[in-house]
Amino acid sequence: NLWQFEMLIMKIAKTSGFMFYSSYGCYCGWGGHGRPQDASDRCCFVHDCCYGKVTGVVVCGGDDPCKXQICECDRVAATCFRDNKYWFFPAK
């Protein structure tokens, strides 16, 4: 869920996803369009694409493969935020 994603970003990137990325560039936050504005916005673009590849209904619990795929999408995005400098590009 969104709160778990925030906690993962805080742990890996040492920053708040809500504060810095919830309304950033073209792809961070709800929806997405156009060309990513920078490397951080591209992290969000790739995250959106990753979620789009997960099929079926995501059900929390146990050995659900969809839950594992969603977690991996979130982990990759959090690592991407850590590895790419944040610039201020307000949502477009």
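Glycine too: its Cβ is placed from the backbone N, Cα and C atoms.
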Listed in Swiss-Prot for the Ca(2+) site shared with TYR27, GLY29, GLY31, one of ASP38, ASP48: ASP48
Per Swiss-Prot, cysteine bonded by disulfide to CYS50 (from CYS28, CYS71, CYS73): CYS73
Recorded disulfide counterpart of CYS43 (Swiss-Prot; options CYS71, CYS80): CYS80
Those disulfide-bonded residues of CYS28, CYS71, CYS80 having Cα within 10 angstroms of ASP48 (Ca(2+) binding site): CYS28
Nearest of the recorded positions (TYR27, CYS71, CYS73) to CYS44 (disulfide bond) - Cα to Cα: TYR27
Nearest of the recorded positions (HIS47, CYS50, CYS73, ASP74, CYS80) to GLY31 (Ca(2+) binding site) - Cα to Cα: HIS47
Cβ-centroid neighbourhood (8 Å) of the Ca(2+) site, TYR27, GLY29, GLY31, ASP48 excluded: CYS26, CYS28, TRP30, GLY32, CYS44, PHE45
Fewest other C-beta atoms within 10 angstroms, as judged across CYS43, CYS50, CYS71, CYS73, which are the disulfide-bonded residues: CYS71
